[in-house]
Structure formats: C-alpha cells, structure tokens
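What TrEMBL says about this one:
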type     : residues : note
TRANSMEM : 26-50    : transmembrane segment
DOMAIN   : 41-301   : domain 'G-protein coupled receptors family 1 profile'
TRANSMEM : 62-90    : transmembrane segment
TRANSMEM : 102-129  : transmembrane segment
TRANSMEM : 150-170  : transmembrane segment
TRANSMEM : 198-226  : transmembrane segment
TRANSMEM : 246-271  : transmembrane segment
Amino acid sequence: MNSSKSSVLAGNGIFSNTTCRTEKKISVFFSVIFMTVGILSNTLAIAILMKAYQRFRQKSKASFLLFASGLVITDLLGHLITGTIAVFVYISDKDWIRFNQSNVLCSIFGICMVFFGLCPLFLGSVMAVERCIGVTKPIFHSTKMTSKHVKMILTIVCLFAIFIALLPIFRLKAYQIQASRTWCFYKTEHVEDWEDRFYLLLFSCLGLLALGISFLCNAVTGITLLRVKFKSQHRQGRSHHFEMIIQLLAIMCVSCICWSPFLVTMASIGINENHSRESCETILFALRMATWNQILDPWVYILLRKAVLKKLFKIARRCCGVHLINFHMWELSSIKNSLRIAAISDSPVTSKQMNQQPLSSTGQ
C-alpha cells in the first residue's frame, strides 16, 4: 500500500528532481497580503460598478458595466479561492503526501488556476469587442446588446473557461504538483506526451489570442473615436466612449504586462517538450506576475473616474506650471455624467440633437 501510494504521488509531481527554494514565512506573508489587497480592491470596484449599473441599467453603457462587473467578480473569486488554497499549502509545510493522497486538492487547485487565468482574459477581449461594436455599429449595439444578451455571453464565456479547465479531468490526466510544491497546473517537467503539450499550448494560445483580439478591437475603437473627434466640432456626445476606451486600454496593458511572461513560458515548455530551458524560478516569477493582474484590474475602475482624473490633472498642471490641455475639450466623463447622455448619443442623428441642447443638461 505504501509503495503504491508513493508511486501515485510521484506521478503527481511530488517527488521532483527540480525544486525551488522558497522561504515559508516570506511566502506566506506575501500570499496573505496579495490575497487581502486583491479582495479589498475587487470588492470596492464591484461596489462602484454595481451601484452605477443599478442606477443606469437602461442606458447603453449598461452592457459595458455588466461585463466589467463580471470581470471584477471573477478576479475576486480567484483571489479568494486560489489564495486560500495557496496559504493552506504554505501553512501545511507543503506536505502534499499528508493532505493530498487522492490528488483531489491538487485537481481543484489546477482547475481554479486554469479557469481564473483564462476567464479574465476572455472577458477582457469580449469587452473590447462590445465597445468596438458600440462605436462602429451604434444602432446594432443599441438594439441587440441588451442585458439579457450580455448575461448570456457572460455565461458562455464562463462555461467555456470551465470546459478548458476540466478537459484534463475528462481525459483522466491529473493536474501536477509543480516543482516549487506550492501550486498545481499542467505538467511542466519532462513533458513528453503529446496530450501534455497540447494542454500547455492550448492554454497559451487561448490567452494570447484573447490579448490579440483585445488589442485589435481597442485599436479599431480608438482610431474610430479619434476620426470622429477631429471631424466633428461637437465632442460631448462621444465622451463616454472615450472614458470606456481608456479603461479598456488600461485593462489590456495590465493583462499584457502581467500575463505575457507566463503565457510565453508555458508555450515555450509545450513547444520544446522536455528540452525546455525554463527553470522553476522562471515559472514561479511568471506566475507571480500573472497574479498581479487580478490585483491591478479593479484599480482601473477605481482610479479612472472623472473625480480622480480631474484631481490628477490639477496636480499635473501645478507641477508643470503650464496649461497642458483643455480638460473640457476632451471631457473624460465620469460614469454618472456619461450615462446621462449615453442613451441618446449612440446614433449620429440623436448625437446632433444632443449637441443642440443646453450644456446644463449634461449634469455639469
């Protein structure tokens, strides 16, 4: 019995020739701090987004708020679930033989790592596509992109991410305990089986594809808005689009910086098989970089609001001592102000009508 258990655990990656030296006290401290900051940040962002959605749920920006809320809720659950498991592993001295003999905890950990890794990337790309449609096809967006459709899309994205996470379980391929013995994922050491390589490449390709779609759609949206801005003298009708595209660009930049090292590392392991030169320390560093994505995402919605931006703008003017830009010409509108005019600003005809109304109607 003992020899059979040892062989099973060795197959799950506990007895690895490669080890990472991690200080227990420091690792536990940083894990607790990151989890706490992530939970508080995402909770604050959820409160801001849900309050805005409840007040302006009939406006055209409601779909964007729903997607953003889904993204932040996913990040919150990711911190809460994976962070709790990671802290438990550290506190238990990484003794997987004692608490993971049936490999249940490792499987749950691996499923959560894949799901909470891919789902935010998918949601970021879906948000970019939604905003691109809202800017380039406003009539289609206003008639087809209802809250019901948004919730359906959110459900499909989550189910697809769950399917990818459960795919190894369906194929009876257990998730592996990694060399650092602090987390579980696909097999990353001595990868020889084509199926192990397939999972690594699938995860990497889907993540990179999501980042590529976000970049392409945000580029199209930004170019379209700039063309409208320079061709039309009336800019206030599109101010809420600028606010959302700034938030999307920030999310895209954060995702690219945080996730690219991990995605490229996994792709390198999958391509190079057992000849990969990626060390355990490199993989662990890339993983920690990816963890920061869930911490930084909510601050996009917390900081990129009119009240905060105006204060930062005033501080910048005082520091530089020059008039950098006329703030009201571009109008980085807040959620409150932008949503008041969003319902009648989606089409060119209503946009012209809006521009003929007094400026006091915009809530300024």
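Including glycine, each Cβ sits where the backbone N, Cα and C put it.
Values in this document were obtained by computation on a predicted structure and should not be read as measured data.
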For the transmembrane segment (246-271) and the transmembrane segment (102-129), does the number of C-beta pairs under 8 Å, pairs 6 or more apart in sequence, reach 3 or more? yes
Segment proximity, the transmembrane segment (62-90) to the transmembrane segment (198-226), 3 or more C-beta pairs under 8 Å: no
Return the average pLDDT for the domain 'G-protein coupled receptors family 1 profile' (41-301) as a whole number. 85
